[in-house]
Amino acid sequence: MDAGASYMRLTGEENWVEVTMDEEKERKGKDVQQGKYRPQVSKPIINRDTNTSFAYKGIFLWGIQITMWILLWTNMCVRAEDYITLISDPYGFSPIKNVSGVPVTCVTKEFARWGCQPLGAYPDPEIEYRNVSQEIVKEVYQENWPWNTYHWPLWQMENVRYWLKENIAENKKRKNSTKKGIEELLAGTIRGRFCVPYPFALLKCTKWCWYPAEIDQETGRARKIKINCTEARAVSCTEEMPLASIHRAYWDEKDRESMAFMNIRACDSNLRCQKRPGGCVEGYPIPVGANIIPENMKYLRGQKSQYGGIKDKNGELKLPLTVRVWVKLANVSTWVNGTPPYWQNRINGSKGINGTLWGQLSGMHHLGFNLSQTGKWCNYTGKIKIGQETFSYHYKPNWNCTGNWTQHPVWQVMRDLDMVEHMTGECVQRPQRHNITVDRNQTITGNCSVTNWDGCNCSRSGNYLYNSTTGGLLVIICRNNNTITGIMGTNTNWTTMWRIYRNCSGCENATLDRKETGTLGGVANKNCSLPHKNESNKWTCAPRQREGKTDSLYIAGGKKFWTREKAQYSCENNIGELDGMLHQQILLQKYQVIKVRAYTYGVIEMPENYAKTRIINRRKRELSHTRKKRGVGLVIMLVIMAIVAAAGASLGVANAIQQSYTKAAVQTLANATAAQQDALEATYAMVQHVAKGVRILEARVARVEAITDRIMLYQELDCWHYHQYCVTSTRADVAKYINWTRFKDNCTWQQWERELQGYDGNLTMLLRESARQTQLAEEQVRRIPDVWESLKEVFDWSGWFSWLKYIPIIVVGLVGCILIRAVICVCQPLVQIYRTLSTPTYQRVTVIMEKRADVAGENQDFGDGLEESDDSKTDQKVTVQKAWSRAWELWQNSPWKEPWKRSLLKLLILPLTMGIWINGRLGEHLKNKKERVDCETWGKGD
């Protein structure tokens, strides 16, 4: 029975005893109880340098790892999460608003000829892409896919324009020949892709639709038509398209799919335009405020726009667009003879058809030819159009201009002046002011507004002035006696309008009642029509008259409700009229330039649930501390592989660039050699001609000398040119002495000099061209870079590779760290085994008693605290043999039974023996310093 139980039995009081047991991991000298127990074996071991060295070793290893991580982090600067790009991360990429600063290059065949990169320099966008979820696209672009004026097509057009101006003299000389290769470029048959380098990429929209935004409550027009992209993917290059082209009406069949994708449909199926016969407008809406040619390239704008409906309010390209323009692939399947099916409704060949003003009715400019709309004739013009300029150029490509081009894809440009595409896809002929009358016969029933055309009905064709329920005025256009084709509105109320009307000259008693004049009706007096402001900003009700002609006054909504409007039709359409620059500009609108955090090639599909992936990655990071050894090796291996991969990729790109420069230089050198050969041939021909003249001169001099010697009539000697040989005025028998027949085929001196001058001019030109080609070849050869110069030029690392000279040191350091780590990993278990064998493990038992227990034998004399210590009774000296026996016994009783571990333990017997012997020797000087423990005398309980 323990002391606590005896105390309870005797006193009846509880004696609470707290017993705590914990493993003694950190041994300190002050925690060791002195008394009966001799200083333990572990105490001198703890006081030695063994444990501190291992602590320093751990700190040193951690320092090495932290240093390596810092070095790797500063050099790589990429986290593991950054390798997963554009995947369920709205901040994985950022849109680039100013695309003019984005570097771009073209990729095509014969790249050195056209200043592009080889086809393998960038991955194929059909293979290399990354899908981007709809949520990310919506969050980044807010359902508004913006318009961008890309500078790449403008650069291409500028290059062609510059080349045409530089070779204008040569072009005038060529009459019946073409320059091979250039015609292919001008015709758009040289195709390629536009690519952007890392860290930039292209976000390609693969599914989109349009919807109206910012509806004007006064006019009902949509200030903006926004594009909502619902599916997108990231690529490096665009689709294949012509690198350049002059003005053309029809495009190749290869472009049909890309052009058809630009026919964007409306998102909302409940829009009013969906219920109309023609449906809603399809196409790409170039927004209001777009700059087709930016300010920094204003020299390309020209005077008048050559792009049909793509123009500003002055018919030029100097100002931003003030009216929305739609560009779409024309639906030629329903056309008749190359024209829309309703063109037969034209009146006397008018350009206005069904509310649309059409341009280019007779013919279209196509690759230097004038083609008819029906495809029945084509005329060679001798001129080509590039941008806003026209050049005289002999251009006859190898295609049949008389073929049936009407089935080829063609762009249709529509300029919607009213901008009410969400209400109707039909165009209307605007009414004149004298055709606008007040409805007195209840022709209009219901309540409608500029935003609600279906709220009222009409029963008779006409143009009716209607008092809106919102307080403004409406002009309701009714056609076919029951169809409302348009509503124009203004915030000016009915009372204000009548006050202005009464102030017009001669209109004090006039009205706007309808008179039966024509199908649409009109007012009785045209000089008292709906009022408007003239050019002097004064109110008037009469149209302007000049030379017996009355000016036409049309009406539009909003601010133009009270001004003089000249446009008769609400839409302007044209087909063709675009060149390669604008063709590329339209096709590039499906792309947005973005900047990514990390860019890798290959197909990366979107994961189904990125949150689960992040949780798994977080769990892996939480467990990563158990794999530190493996992690360090893996990081080192990844670093080495990354360096090798980066070097390989960089060398590959540099090699491609070097081949490009080399090929260009070789081609230029070949041209120089050919020019030198031409100069040599011309020189040889000139030498032959000079030699021939010298022979003729010698022969003539010889004959003259013979005549003078034989006749000696110097004063009568006279030579003149006659039938290309020389005769004299002397006697006729003189001619028998000279045989002139051999010189009849020779030219005169004047002809010989003229021909010699021609040879001289030709030779001078050839020598000049040869020198220019030689100089150009030398410059091209000097431009051939080596691998490292190519890397610096392409990537602009500007000394980033300066640290490569430290790679051997880094590699040796890494190998040394690996070896040191391996040695430590081998020695650490041995040291741990040694510590385990040499240091017994104790448990600390703490007994706390509230009262002294009544224990029998409390008055017993226990001595001075040293009597019961067996070790203190006999002072035995520790010898080497005893230490060896003790070490051998520890090895025999070790808990490790595996053969390989026991073999390793044999190596520890000798150091263990030395440790035991040294501890024994060190313990001898403590025998006279034994501490006496005074035991408290326990009194007996009463």
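Just so it is clear, glycine is given a Cβ too, placed from its N, Cα and C backbone atoms.
A quick note: this is a predicted structure, and the numbers were derived from the prediction, not measured.
According to Swiss-Prot, of the candidate residues Asn176, Asn746, the site noted as N-linked glycosylation site is Asn176. Checking the ranges 187-203, 680-696, 697-713, 901-917 against Swiss-Prot, the region 'Immunosuppression' annotation falls on 697-713. Asn457 (N-linked glycosylation site) and Asn441 (N-linked glycosylation site) have their C-alpha atoms 13 Å apart, to the nearest angstrom. Sequence-distant contacts of Asn379 (N-linked glycosylation site), defined as residues of its own chain at least six apart whose C-beta falls under 8 angstroms from its C-beta, comprise Gly363, Phe369, Asn370. Counting every protein chain shown, the Cβ of Asn98 (N-linked glycosylation site) has 8 other Cβ atoms within 10 Å. Minimal Cβ crowding within 10 Å, among the glycosylation sites Asn228, Asn331, Asn457, Asn509, Asn534, is found at Asn509. The glycosylation sites recorded for this entry are Asn98, Asn228, Asn534, and the Cα of Asn534 lies nearest to that of Asn509 (N-linked glycosylation site). Asn534 (N-linked glycosylation site) sits 41 Å from Asn331 (N-linked glycosylation site), taking the CA atoms of both as reference points. Rounded to a whole number, the distance between the Cα atoms of Asn441 (N-linked glycosylation site) and Asn228 (N-linked glycosylation site) is 45 Å. Cα of Asn98 (N-linked glycosylation site) to Cα of Asn331 (N-linked glycosylation site): a distance of 34 Å.
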